[in-house]
Every structure is written in C-alpha cells, then in structure tokens.
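One structure is given here, and the rest of the page talks about it.
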Amino acid sequence: MHSYIVEGGYKIGGQITASGNKNAALPCILAALLTDEEVILENIPNINDVKVVLDILNDIGADIAREGNTLKIKVLNIVKTEIDSSFTDLIRASILLLGPFVSRFGKIDMALPGGDVIGKRRLDTHFYGLCKLGAKLSTKDRRIVLKANKLVGAEMFLDEASVTATENIIMAAVLAEGNTVIMNAACEPHVQDLCNMLNSMGANILGIGSNVLEIKGVKKLSGTVFRIGADFMQVGSLISLAALTGGELEIKKADPQHFRLIRHVYSRLGINFEYDRENVYVRNKQELKVKLDFGGHIPKIDDGPWPAFPTDLMSIIVVTATQVEGTVLVFEKMFESRMFFVDKLIKMGARIVLCDPHRVVVTGKSSLKGNVLSSPDVRAGMSLLIAAFVAEGRSEIQNVYQIERGYEDVVNKLINLGAKIKKVKSQ
C-alpha cells in the first residue's frame, strides 16, 4: 500500500495534456474481443483499471502489446470462458465482459463485479437487454452464467439509462442477426466512443449521441485503429485544482465540446474557463463566490444521465464548494453512498452538513488544515487530494490505489504543474 504526502498552499498551474478517458478505454479494450483481427487503440491511460482488464485478456489467451499509450490487441481465440474472481473483485467494469463473450463465444461464467463503494449498481438492465437478444441467464453462488446459441436483434426500452448496460447490449447486438433498437440508451461521450470504434470495425450503429440507438447486425467485424477521447473527469478535476489554488492552467487536447453544461455549473461557483476547438484555459484570479438563484435562493447542483452534469464530478464539486464564498446544496441523485466521504473534509475544517445519503449543504469559504485521510473511491480520492493542496500544512492521502484506478501518473503530472507531492510506502 502507498500514500501521497502533500504540502498545501502552492499554486497549481502550467500546461498539461488530457489523458484518455478511462470510461471509454475499458469498453473499447473489451470490444476487441468481437473480432479475430488486430485492434490498435491510442490514448489509452496507464491506470490500474486498465491494467486489470488487460490481465483478464491475458488470462484468457489474448495477444497484447503495449507501447506508451498505444495498445495492440488480437484475440484469435480464447482458452476459457470462465473469468477468475480475483480479477472481477477488483473492477466494476468487468461486467462489460458479458456482451462480447456471449456475442462471439456464446458463453461466459464470471463472479459478480467489485469496484467502487459509492452505492448499489443494478445489473437488471444488463440482463434484460442481453436476454431480449436471446441470451439465457443463470446464477449460482454469486456467479453469473450467460449462454447464447444465437443472438437475434430486438426492440427494447431500458428502465434506466445505464452506461455499462447500454455498452453491453451494443456489443452483443452488433453481431446479432437483424436489427436492434435501444430506447432510453445512455449517450455519454464514452458510449459515443465505443459506438464510433465499432462502426470503424464495420458495425452499423445509428443515432450515436442520442438516447435511441439503432443497430443493424453484421456477420463480422474487422480490426481498426481508434483513438480514445479525453477524460473529461480528469479535466474537470484539474479545472477545480487550478482555480482553488490560484494557478493558471492550459489543458491540451481536452475535447471541450463536452463541457457546455460543466462550464455552466462551474460558473455558478465563480469558476470560469475558456476553450477553443481542442484546449481548455483556466485563468488565475477567479472570483470564487456562489451565484444565487433568482430571488436570492441557495443554488442546487445535481447530477443525472448525460447530457446532465456527470455524477463522477459530484465529489469534485463538493470540495470545490468548500473554497467558494457562499452556500450551495449538492444533490447526488444517482448513488446513495458517494457523499459519505465528506466526513473527511469536515475533519479538515470544512463546513458541510450531510442531510441524507444523497444531499449535502456546503458553506464556504472554509480554512482547511492538513490531515491524514484515506481514499474510499477513485473520485472521492481525487477530491481529498484537491483538498490537501488547498489546505494549510501537510496531508497524507492513504489507499492511493483507488485514485490511480482512474487517474494516470498522478504524482509526476502534478509535480510538473508545481505541486509538492510524493508517493511513499504506507506505514
């Protein structure tokens, strides 16, 4: 186990290139299972979750070569359809094995997935969609067995716009016989990346970026070369970090077309940034003050399925609000345990009221003091790291494996931006 030792009080700024989106990289890597030809993926972040997925592919017999942020994957055949629970325990995204396996190999046997502790994540929508296509499901001893002799396209309305369920159904449907229509589909940028990658392999997916996808099944997919989009969670985290520490920051290759609503939400906290076709610019001397709603009411910031404000930035919004003059209600609608990390911010001196599992009221500006903190999940971990940079004195962030599940080369990238941080073995 390792920790970060952080010295607070320094400006974070300079120039950085956005990493690839973890939530796009994982399904795109697993989509390589759908062809026996070579798939080349560019801009793949070097993070723990990617390493676990590659370990799974190695274990089943895939050929993988990595050079920097480029992956070459070829899956001529596999040696088994049973996935070791030592892998699935580590990563929630292992659920994305279902679609590719049942589509190309006709069977998968895997344990229920692990991952974050931010709340319950239903699997019902995955099973509904895959079974509508003709798969047969059985469960025993916390293991999932999914089989299909043949998949046939179907029309379906998802009971929730689940990102991973949508991705699983897409990956199963592209090689199914006939047409599939998915209504109430997720349309996040990472879902769009997966669809665009599959189309570059010969799939026929219409409606990309909308909540209705039409998939015309094809008999075979080819190899491809595809570049993963930027990680807008990393970009959002860096915007907060620069603004709260008074730094000036340029984030290159940030895919800012996805930042319209994110920009609006940040502006309600007094954080303003600019962007052009590729880059995001955060200026120093931000006026960090809550903008009240009409009539002088306390503003509410909430999340929802895309294009609403992304749930993965809600933890970042909480720590940001501690450094902004005024009061704001943060309403996490999607996960009932995401807000439980705020006790650690309160320990540092933040003025936060946890109203219930979904809502917190934050009043700023608070003077934070360095402390010893443990990262409960990837996004809360980054929020605590931001708090440590804002705080007076030294902080220790423990369980940094969680942060490194989603953020690439954290220490070196932050040092290059002027941060005082080092990684050490935990006592």
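Here the Cβ of each residue, glycine as well, is placed from N, Cα and C on the backbone.
Owing to the predicted nature of the structure, the values given are computational and were not obtained by experimental measurement.
Database features (Swiss-Prot):
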ACT_SITE  Asp116  active site, proton donor
BINDING   Lys22, Asn23  phosphoenolpyruvate binding site
BINDING   Arg92, Asp312, Met334  UDP-N-acetyl-alpha-D-glucosamine binding site
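Here the CA atom of Asn23 (phosphoenolpyruvate binding site) lies 11 Å from the CA atom of Arg92 (UDP-N-acetyl-alpha-D-glucosamine binding site).
Long-range Cβ proximity for Lys22 (phosphoenolpyruvate binding site), meaning a same-chain Cβ under 8 A and a gap of 6 or more residues, is found for Pro45, Ile47, Asp49, Val50, Asp231, Met233, Arg405, Gly406. Counting in whole angstrom, Met334 (UDP-N-acetyl-alpha-D-glucosamine binding site) lies 17 from Asn23 (phosphoenolpyruvate binding site) by their C-alpha atoms. Shown in sequence order, Asn23, Met233, Arg379 are the residues of the chain, 6+ apart in sequence, with a C-beta less than 8 angstroms from the C-beta of Asp312 (UDP-N-acetyl-alpha-D-glucosamine binding site).
Once Cβ contacts within 10 Å are tallied over all protein chains shown, the binding-site residues Asn23, Arg92, Met334 are led by Asn23.
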